[in-house]
Amino acid sequence: KKGVTQREDDRTFPCNSGRCACQPLDSYSYTCQSPSSSTANCKNNVCVSEADW
């Protein structure tokens, strides 16, 4: 599992195009998932798309 450093979080979208970045409630690093996946485990119930990053 590849982690994303905090330094990169501010600048570079951490996921592949077409996917979204979910910040798990118990973690500071983002995980990437399909936009159609549930966001129940994501902070603020949000999975951030590349356009919204």
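Backbone N, Cα and C define each Cβ position, glycine as well.
Quick caveat, the model's predicted, so the values are computed rather than measured.
Here is what Swiss-Prot says about this protein:
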- Cys15-Cys32: disulfide bond (DISULFID)
- Cys20-Cys42: disulfide bond (DISULFID)
- Cys22-Cys47: disulfide bond (DISULFID)
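Features per Swiss-Prot, on structure.
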residue	record	CB count, 10 Å
Cys15	disulfide bond	20
Cys20	disulfide bond	25
Cys22	disulfide bond	23
Cys32	disulfide bond	16
Cys42	disulfide bond	20
Cys47	disulfide bond	25
Write down the Cα-Cα distance for Cys47 (disulfide bond) and Cys20 (disulfide bond), rounded and given in Å. 6
Spatial neighbours of Cys42 (disulfide bond) among the disulfide-bonded residues Cys15, Cys22, Cys32, using Cα within 10 Å, are Cys22
